[in-house]
Amino acid sequence: MTIIQTVTELGVTEDTIKVQMAPSGGKHLLADPGNHPAEHFESQMSWLRFQTRQYLTRFTDNQSDFVHSLQKKHRTPFRDVYFKYTSLMGSHMFYVIVLPMPVWLGYRDLTRDMIYVLGYSIYLSGYLKDYWCLPRPKSPPVDRITLSEYTTKEYGAPSSHSANATAVSLLFFWRICLSDTLVWPTKLLLLSLVIFYYLTLVFGRVYCGMHGMLDLFSGAAVGAICFFIRIWVVHALRNFQIGEHLWFPLLSVAWGLFILFNHVRPIDECPCFEDSVAFIGVVSGLDCSDWLTERYGWNLVCSRYASCGSKVFLRPLVGVASVIVWKDVISKTAVYTLLIKLLRFHDDRSEKVHFHNETSEEEECLLYSGVSKVEIVGRFLIYAGIPTTVFLLCPVFFTWTNLR
């Protein structure tokens with residue numbers, strides 16, 4: 001089947017094809033995942049998976065027109081810059097730097113809850129993205145306003161930004177409303193800031209041309225589910241002492257690797273699985289850090305501003321530097337030496353790189369080729385080391401530098 005025949009089935013004229021594939025900034029109509037005709041997916045999906053996708057496409061078929069009309073009506077240079085940069089609040093590096101902050105300021109439990117709701121929101125939204133294989137709003141006609149081309153290569157629904165924003169906003173709502181130390185004027189101010197954060201992040205995904213309404217609503221559902229499950233688990237296990245059970249860290253690591261190696265295979269290349277690996281690694285690293293702390297009775301809780309004064313604000317300088325040193329300097333060499341040199345894992349990374357190098361000149365979105373197994377385990381361990389650094393090592397560094 002030729003490209004002209006394919007896109008004609010999608011309701012695009014030959015003149016439009018020539019415009020959209022023009023040399024000056026044009027791109028292949030099938031460059032982004034999820035835009036192929038139904039036959040492309042039917043032959044590679046189970047009956048239930050394909051029928052689910054077909055049902056949901058009724059909500060995505062016309063999303064590009066809606067998003068394009070919204071952009072035409074509301075775009076301004078200021079809003080472009082505002083929503084482009086505030087989208088970083090849902091980015092990978094933002095979480096790496098910002099999530100540890102409450103720990104260093106004395107609010108350890110807040111970061112713990114945030115890691116759980118964000119980690120499983122990322123995993124579940126990524127799983128459903130790869131299961132449904134639904135497209136983002138088409139560009140063109142939509143303009144994608146983004147700082148990262150990486151995210152444009154993911155499927156659309158559910159929106160991980162929407163899932164994360166919903167989970168975190170519900171968590172803050174819950175904590176603020178139940179707080180015994182905050183007076184109501186302060187609570188109302190904080191709740192207003194949470195609402196502002198939520199609307200900025202969620203509406204920004206539509207404004208930036210990255211998502212349609214199905215993406216946002218399904219993402220919000222994922223985030224709400226993860227929040228309510230977390231609250232239920234905290235209540236159900238409130239008397240559970242993890243330090244008394246040797247199996248707890250082993251189960252956490254085994255569960256994390258199990259759900260990663262049993263993640264659904266997307267039809268087209270989609271990079272969102274990498275974020276799932278990273279966040280599930282962080283969850284397991286948190287579990288192992290908590291287990292060590294409770295089992296051996298280590299007092300690693302950082303003092304708060306009331307008892308330590310303004311020097312608490314110097315902790316992030318030491319903390320962020322420690323995280324960066326682990327993630328960008330030490331981790332890869334240490335982890336892959338452990339896996340390949342000592343544990344004798346088969347290094348299949350070069351096989352995947354070779355495949356991508358051979359096909360990288362193709363303009364059409366590639367079929368999914370799989371992920372290196374040793375890279376899954378390696379990335380899992382690298383990110384498991386981040387909460388270990390934050391929860392176990394940073395308090396020691398703060399003591400050495402008289403910041404604790």
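Quick reminder: no glycine exception, Cβ is built from N, Cα and C everywhere.
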From the topological domains that Swiss-Prot annotates, would Asp180 and His211 count as being on the same side of the membrane? no
Record (Swiss-Prot) lists N-linked glycosylation site for one of Asn62, Asn164, namely Asn62
When Swiss-Prot marks a stretch as region 'Phosphatase sequence motif I', which of 48-56, 129-137, 264-272, 309-317 is it? 129-137
Distant-in-sequence neighbours of the topological domain 'Lumenal' (135-154), which means Cβ under 8 A and at least six residues beyond its ends: 20, 32-35, 60, 63-65, 67-68, 71, 75, 80, 83-85, 87-88, 91, 129, 207-212, 215, 269-272, 365
Nonlocal residues around Asp215 (site 'Stabilizes the active site histidine for nucleophilic attack'), in sequence order (Cβ under 8 Å, 6 or more apart): Leu134, Arg136, Gly156, Ala157, Pro158, Ser159, Ser162, Arg205
Cβ contacts under 8 Å made by the region 'Phosphatase sequence motif III' (204-215) with residues that lie 6+ beyond its boundaries: 56, 59-60, 63-64, 66-68, 70-71, 74-75, 79, 82-84, 86-87, 134, 136-137, 139, 142-146, 151-152, 156-159, 161-162
Among all the protein chains here, how many other CB atoms are within 10 A of the CB of Asn62 (N-linked glycosylation site)? 11
